[in-house]
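Feature list (source: TrEMBL):
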- C:Met54, C:Gly207: substrate binding site (BINDING)
- C:Arg129, C:Ser174: ATP binding site (BINDING)
Amino acid sequence: MTEAQLQTHEWRQRLLATHGRLRQRAPLVHCLTNQVTVNFVANVLLAAGASPAMTDHPDEVEGLAATADALLINLGTPSADSVAAMQRASQAANRSGTPWVLDPVGAAALPLRRDVSLELMTSRPAVIRGNASEIMSLTEAGAHGRGVDTQHESQDALTAAADLLAQAEGIAISGRVDRLLGRSTTDTGPLTISLAGGSAWQPRATGTGCALGALIAAYLAVADTPLDAMICAHAHAAAAAERAELTAHGPGSFAVIWLDALDSVDLTDFLSDRLALD
Amino acid sequence: MTEAQLQTHEWRQRLLATHGRLRQRAPLVHCLTNQVTVNFVANVLLAAGASPAMTDHPDEVEGLAATADALLINLGTPSADSVAAMQRASQAANRSGTPWVLDPVGAAALPLRRDVSLELMTSRPAVIRGNASEIMSLTEAGAHGRGVDTQHESQDALTAAADLLAQAEGIAISGRVDRLLGRSTTDTGPLTISLAGGSAWQPRATGTGCALGALIAAYLAVADTPLDAMICAHAHAAAAAERAELTAHGPGSFAVIWLDALDSVDLTDFLSDRLALD
Amino acid sequence: MTEAQLQTHEWRQRLLATHGRLRQRAPLVHCLTNQVTVNFVANVLLAAGASPAMTDHPDEVEGLAATADALLINLGTPSADSVAAMQRASQAANRSGTPWVLDPVGAAALPLRRDVSLELMTSRPAVIRGNASEIMSLTEAGAHGRGVDTQHESQDALTAAADLLAQAEGIAISGRVDRLLGRSTTDTGPLTISLAGGSAWQPRATGTGCALGALIAAYLAVADTPLDAMICAHAHAAAAAERAELTAHGPGSFAVIWLDALDSVDLTDFLSDRLALD
């Protein structure tokens, strides 16, 4: 076994142990998320082994964000009240050291969300995750989308993601191939992981993208690094999606069986076969 | 083949082509809908082949309503903010020519919703859809209901619907038999289509009515006429419901399998057998 | 047959008749509930045989709470607007004699919810239901929780529940063993029913707790006493959960099949085997 192989083997073992810790510790994940998928995201967290708390009352979020094991902020359906809650929650998380994930849903198409996202980023999210258009929209060059779906492939956003590593420890770009970027400890540029897999049914069921943000938050509570958290979350979602696809008859049954699979899936095979360590 | 048969045959071919265009073009449907069924409605649109965008932030809706392919406004859970958003969105849609659907959920029982609906109607919806009590409540004579379920059969609302054709190009009354009214080009009164079908499970799963409004909006983006859009939406929903009923074990599995069927159902048989062209 | 056995037999017959009346009358249940589970709770009520109405607009709730057959107030995701609506709805219900259920979700962990709950209790709920921590938090001694899950077993909350019977006619504590307390007519302390059953999947699907509050409200509309309503609701939920567990493959399919079972389950066996009348 070469040193590189050995490191890879050890990394996989560490990721599997991280997955085990999620189920064992059931971290409390505070979610400020959107009204469309809030039920589904809560069920995703419960199925994966975490404990969700979904309040967005401005007077409740500071206390909860400070004491929760992780925080998710998802911009899918902002309101004046929920944006105020997001600001207070992200600041409380930053003060208390609660790791948090920013999911700038729709930021590529809707300027209000881009502005809110940029402001929230001053509270130092551990991870920013989105599709390629959303990630690109957060850099100066920007990008324009339509609705909440991406107009770009994940690799188009690699430069933008590398720039954003100045403001977050990890960037996750979801797409046909997911790209996960973490800071290198050796200053040789970002560590980039490519992860191919999942199911074509995922974009046909609302909330599967939002679920990735929630899963990253859950894993941040038990992982050694933000990169580990992103890999575990994306591998967990993709492995479960591949299993669900085997018996799903359409987008409705896919979403249901995906929840079943999030509960029971074993990540060993997936991490052995699919994880490309660049 | 008589001339009437020929026209009917051509119409069916046109409706099937409209269904094909929905899947091919995946129109962006902006929904200002209610908090109870927003997740389900998004999944219905995705399953049927459209692309949903559900924001109701007052500062976002004008831009989205102006650029979306269609707009749905559903009054299921109004709030001060969402009503303001509905007003801005409907006006933007009217200015930009975005076709839009009004679904006055609960207007028969709750005066606030009737008042809001009447005001929104000044922005010229392409289609108004509801159950018989809701449609009747929008005319001067009015009608009274309790909760959000109808107290009337669809045929009771035919006169009210004909009157409302002065304010919308199409009126869809859902019920055991759906009644779909479009403007005639020959000034001989409205064209009325009766469509019987679907499943008794539909009213037992929340959101199946809201889904009709969303599907009509989606089809407005690809149909030649509002009447075609209403027929396609109701036929699509009913054909999928009949297929779902074959394997459903209750209201929970019905809703899931209905989503599966919305994705895969073929409308040919349904349009041949059930469509009564009066 | 002893007198005690006879009374028990008659009670069971009365409970089965109450279940029958729910399906027959389809009571209108007004729900002021949380954004996470509002869709699921509506589907639970429809599956069980009731008719849900979910508006929380402050200007609509008074009229609806006064005319509905029962009211549920669930504190899962409070907002300034929804708290105002809860206050108006509970007062209207109290004035009109509409029986109502208070579900103080999260009151053990989040002081705002405890304060709102205590204020709402001045409008005399028929039943207060929650997990042990939530019930304990409503008494002076209080209790502290984290998130929305309980830190206590149901029996820990029996003293607190007995105290709360001064402010409500029934207290339901959900847990591995449910404890249901009603006022005794003979002044010999509360009547306490223990009910063991259900499925370990229930806490793994969001909304199964909220569903209990909604079911109690529905049964209050057709039951002879609040205690009967609580027993029917908990038995209905547990019997359906046990049936769902037989074919569920995980938390996603469990929730779907549970809805199916709520529609079709027969309570005869469950009420014969499990109901412990202390």
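Each position is counted from 1, following the chain as shown.
A Cβ is built for glycine as well, from the same backbone N, Cα and C atoms used for every other residue.
Keep in mind that TrEMBL annotations are predicted by a computer and have not been checked by a curator.
Shown here: features listed in TrEMBL, placed on the structure.
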| residue | record | Cβ neighbours (10 Å) |
| --- | --- | --- |
| C:Met54 | substrate binding site | 26 |
| C:Arg129 | ATP binding site | 33 |
| C:Ser174 | ATP binding site | 28 |
| C:Gly207 | substrate binding site | 24 |
Interface-proximal binding-site residues, chain B, C-beta separation under 8 A, candidates C:Met54, C:Arg129, C:Ser174, C:Gly207: C:Met54
Rounded Cα separation (Å) that holds between C:Met54 (substrate binding site) and C:Arg129 (ATP binding site): 19
Alpha-carbon distance [C:Gly207 (substrate binding site); C:Arg129 (ATP binding site)] in Å: 14
Structural state of C:Gly207 (substrate binding site), classified by DSSP into three states: coil
Rounded Cα-Cα span from C:Gly207 (substrate binding site) to C:Ser174 (ATP binding site), Å: 13
Binding-site residues satisfying Cβ distance under 8 Å to any chain A Cβ, from C:Met54, C:Arg129, C:Ser174: none
